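K.L.:
Sending over a structure as structure tokens; questions will come in a sec.
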Amino acid sequence: MNMGNKMTAANLRRAGRLSVAPMMDWTDRHCRYLHRLMSRHALLYTEMVTAPAVIHGDRDRLLGFDPAEHPVALQLGGSDPAQLAEAARIAADYGYDEINLNCGCPSDRVQSGRFGAVLMEDPALVADCCAAMMRAVDVPVTVKCRIGVDDQEPAMILPDFLARVSAAGVDHFIIHARKAWLQGLSPKENRDIPPLDYDLVVEMKGMFPGLNLAINGGIATLDDAQALLDRGLDGAMIGRAAYHTPSDILLDADARIFGSGMARNPSEIVHLMLPYIEAHLVNGGRLGQVTRHMLGLFQGRPGARGWRRHLSENVHENGAGPQVVLDALAHVTAQAA
Ligand SMILES: Cc1cc2nc3c(=O)[nH]c(=O)nc-3n(C[C@H](O)[C@H](O)[C@H](O)COP(=O)(O)O)c2cc1C
């Protein structure tokens with residue numbers, strides 16, 4: 001169990017001004033720990049975990065996290081209200097600050113379970129799921145959705161979706177500003193090919209001024225994020241750019257988005273990760289499980305290639321530990337000198 005400090009709803013809303021998106025296989029606990037060292041305030045999302053996995057699976061493995069990760073939101077996948085409520089209750093007991101329902105993931109596996117993006121076609125079911133989760137937990141329940149799927153007309157169905165789901169009590173949505181095509185596109189293509197429609201999401205804020213609406217999709221820099229906040233949206237969620245160029249996105253986020261700076265640099269972050277890495281190894285973990293999330297730390301900076309190459313070539317050696325990370329860092333320092 002992990003009962004960290006409970007966030008107030010106002011603090012959580014503030015944290016949501018900038019968030020790191022849920023990304024399967026990427027935003028695991030090690031990644032989130034790293035990101036938290038880089039921004040004290042941004043809201044961090046887990047990978048999606050399905051409700052049946054939470055109920056029947058290895059809970060500590062699926063849900064365990066470090067108290068330093070707060071504020072942290074768990075994303076659930078599912079479409080059975082009772083199961084989702086049970087999973088949300090279990091997750092809230094672990095100390096998550098928010099429970100988010102995935103209504104945006106287009107993968108086949110997810111479609112056959114009738115959850116993820118296909119739920120855009122069934123707002124009544126989404127409302128039931130959220131109502132059941134809200135009865136089960138006292139932390140906020142939020143929804144991450146698309147603007148529509150397949151041949152739905154976003155300008156028609158998105159307001160209807162928001163109206164029906166918010167009538168169940170959800171007041172915070174993260175909208176990935178593109179459709180998902182459930183047939184014919186891979187999940188990866190579904191993150192790039194359907195065109196982005198930021199204007200529609202901004203319009204939703206005009207139609208639903210009382211809702212907390214965050215936007216997601218294609219936000220590549222903090223300038224992009226700020227521009228969208230300046231258009232009246234309540235939050236910007238960043239996925240791939242936060243993962244691949246974490247220093248550009250997260251190190252300045254506190255100063256620029258939250259108005260309270262931390263002024264750390266990527267080398268300091270590496271040093272701050274060392275005790276975490278040591279503890280992970282002592283607990284039987286492997287170095288690469290943590291360092292794979294650190295490969296992008298120096299992206300666009302002198303020495304980035306040497307850093308990445310040294311890590312990639314050496315983390316899997318027998319007995320690899322913090323010294324490998326320090327040796328990789330020497331490539332950066334040598335370039336900077
Ligand atoms: C590797 C990867 C895994 C993802 N897994 C999830 C997921 O588990 N749940 C979810 O809602 N979205 C998932 N997404 C989608 C992202 O949350 C986000 O909506 C999408 O990448 C668009 O944002 P971006 O352009 O800032 O990356 C994933 C994206 C990537 C790249």
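One is the number of the first residue shown, and numbering goes on along the chain from there.
Any Cβ shown, glycine's included, is placed from N, Cα and C.
Marked as active site, proton donor by TrEMBL: C105. What TrEMBL lists as FMN binding site is P22, M23, M24, Q75, K144, H176, N216, G217, G218, G239, R240. TrEMBL lists 20-324 with the feature domain 'DUS-like FMN-binding'. Look at TrEMBL and you will find N102, K188, R191, R305, R308 tagged as site 'Interacts with tRNA'.
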K.L.:
Report the mean pLDDT of the predicted model across the domain 'DUS-like FMN-binding' (20-324), rounded to a whole number.
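P.N.:
Overall, the domain 'DUS-like FMN-binding' (20-324) comes to a mean pLDDT of 96.
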K.L.:
For each of K144, R191, R240, R305, R308, count the other CB atoms within 10 A of its CB; which of these recorded positions has the top count?
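P.N.:
Sorting the candidates by Cβ neighbours within 10 Å, the top entry is K144.
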K.L.:
Provide, as an integer number of angstrom, the distance between the C-alpha atoms of R240 (FMN binding site) and N102 (site 'Interacts with tRNA').
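P.N.:
Computed Cα spacing between R240 (FMN binding site) and N102 (site 'Interacts with tRNA') is 17 Å.
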K.L.:
Near N102 (site 'Interacts with tRNA'), how many other Cβ atoms are within 10 Å of its Cβ?
P.N.:
22
K.L.:
Per DSSP, N102 (site 'Interacts with tRNA') is which: helix, strand or coil?
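P.N.:
N102 (site 'Interacts with tRNA') sits in a strand per DSSP.
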K.L.:
Near ligand 1, which of the recorded positions P22, K188, G218, R305 are found, taking a Cβ distance under 6 A to any of its atoms?
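P.N.:
Listed by sequence, the hits are P22, G218.
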K.L.:
At the Cα level, what's the spacing in Å between G218 (FMN binding site) and N102 (site 'Interacts with tRNA'), rounded?
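P.N.:
Spelling it out, the Cα of G218 (FMN binding site) and the Cα of N102 (site 'Interacts with tRNA') are 18 Å apart.
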K.L.:
Starting from N102 (site 'Interacts with tRNA'), work out which of the recorded positions listed here (K144, N216, R305) have their Cα within 10 Å, and give them in sequence order.
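P.N.:
Cα filter at 10 Å returns K144.
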K.L.:
So of all those recorded positions, M24, C105, N216, which one's Cα sits nearest to R308 (site 'Interacts with tRNA')?
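P.N.:
When the Cα distances are compared, M24 comes out closest.
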K.L.:
From the recorded positions C105, K188, R191, R305, pick the residue whose C-alpha lies nearest to the C-alpha of N216 (FMN binding site).
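P.N.:
The smallest Cα gap between N216 (FMN binding site) and any of the recorded positions is with R191.
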K.L.:
Within 10 Å of its Cβ, which one of these binding-site residues (P22, G218) has the largest number of other Cβ atoms?
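P.N.:
Within the set of binding-site residues, the most crowded position is P22.
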